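S.K.: Take a look at the following structure, please.
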Amino acid sequence: MDHFALRNGVLHAEDVPLPEIAEAVGTPVYVYSRATLTRHARVFRDALSALPKVHLAFAVKSNPNLAVLRVLGREGYGADVVSEGEMDRALAAGIAASDIVFSGVGKTRRELHAACRAGIGQFNIESEEEGLELSRVAAGLGMRAPVALRVNPDVDAGTHSKISTGKADNKFGVPYHEAAGIFERLSALASLDMRGLAVHIGSQITDLAPSRAAFEKMGALMRELRGRGLSVTHMDLGGGLGVPYKSGEKLPGPAEYGAMVAEVTADWDATIMFEPGRVITGNSGVLVTEVVRVKPGAACPFVVVDAAMNDLARPALYDAWHDFVAVRPSGERMTASVVGPICESSDTFATARKIDAVAAGDLAVFRTAGAYGATMANTYNSRALVPEVMVDASRWAIVANRIEPATILAAERVPEWLE
Ligand SMILES: Cc1ncc(COP(=O)(O)O)c(C=O)c1O
Ligand SMILES: N[C@@H](CCCC[NH3+])C(=O)O
């Protein structure tokens, strides 16, 4: 069920007409549906119900909004974080430290220290060097840090090269063939509780075969470690499941993914951990924008909207597709390129695409903008930081204010020696 749907000719988020939000908050604005978030959280969990022991850690990077984290925390999700900032957000949302997994290739000493002190549930370390540093930090605090070793399985996830993480030439994890030795050496350190392995081969994965191949390799590695007398109780399979961005697109969903995982892990006898991001948040948000004007172009008109690549970076960064639909569609269609106001040609959301006919002043949305949308926003061209709203049935609230350029300007100083 789509919680962003037309009612009486107007696009709604649940029971709220989007023009009501646009008028009150202004545009561009991200709008999230609580019902969609909750439904996705439950669908994903249900898809894994055949597994005896599961830990779910929502990938905070996909949408770190506090209200979003609160909804998912209430659904029993822990958090997968990649910085102290994300950890603080997860804790602020009420997620237990013991349900937090800390991933990332570049955790600083300060971050390791803060996460140890917070008592987080698992460090996914990405090198032997990091393991040694974590052991020194943990020893200094008189504690034993729970650790999974992230392994690079050298599997091509078949996704965009910029969001692929599991090939040998990607920076993530330790090389597959060195992993057993590294795990064994780190297991000898008293301040590390080496309890598992972790893998994550990329994001927006639309074919289950690469994930299956990676998980099978991880199973083999787990067996090798156990064969060496080492205990492996936790296997973190990361996130990565893709979502449909184009209407009508058919992809393997949580049910197919869950069935594949159940098959591969049937004899693992371990807690299977997951770090889903996009599959939970992607379709739970839209970016509402207003058409500034329509101007003629060489091949087709340009629809210039008031959202830009600083608000939604995915098209500029990854040539990503987001459906663009009118909030009050007339039924007419037009072929146009949809662009933002920023001074570079990468500020393009759609090129010569068939879209709902729109004119200056009309509202439209970019769909499937709940993941890697607001969280990647910036203030390029001295634009505001885009606000965020959450809808729950017929009520809604601003869950992140627009940060005006003037506020950012006020944080800057011209030193007196430049006067
Ligand atoms: C370590 C790790 N876990 C989880 C995720 C979440 O991925 P996704 O949003 O594709 O589920 C990512 C991002 O790709 C990641 O790098
Ligand atoms: N930012 C990327 C996903 C990166 C996943 C992080 N490991 C996107 O929008 O598709």
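Just so it is clear, glycine is given a Cβ too, placed from its N, Cα and C backbone atoms.
TrEMBL annotations: computationally assigned, not manually curated.
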S.K.: Which of these, Y257, Y372, does TrEMBL list as part of the substrate site with R278, R314, Y318, E344?
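M.R.: Answer, per TrEMBL (substrate site with R278, R314, Y318, E344), from Y257, Y372: Y372.
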S.K.: Given that TrEMBL annotates E275, P276, G277, R278, Y372 as binding pyridoxal 5'-phosphate, state which candidate in G229, G240, G331, G340 belongs to that site as well.
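M.R.: TrEMBL names G240 for this pyridoxal 5'-phosphate site.
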S.K.: Going by Cα-Cα distance, pick out whichever of the recorded positions K61, R314, Y318, C343, E344 is nearest to G240 (pyridoxal 5'-phosphate binding site).
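M.R.: Going through K61, R314, Y318, C343, E344 one by one, the closest to G240 (pyridoxal 5'-phosphate binding site) is K61.
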S.K.: Among the binding-site residues Y318, Y372, whose Cβ has the fewest other Cβ atoms within 10 Å?
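M.R.: Checked Y318, Y372; of these binding-site residues, fewest Cβ neighbours within 10 Å: Y318.
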S.K.: Among K61, R314, Y318, C343, these being the recorded positions, pick the one whose CA is nearest to that of E275 (pyridoxal 5'-phosphate binding site).
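M.R.: It is K61, whose Cα lies nearest.
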S.K.: Given the binding-site residues G240, G277, which one has the fewest other C-beta atoms within 10 angstroms of its C-beta?
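M.R.: Across G240, G277, these binding-site residues, the one with fewest Cβ atoms within 10 Å is G277.
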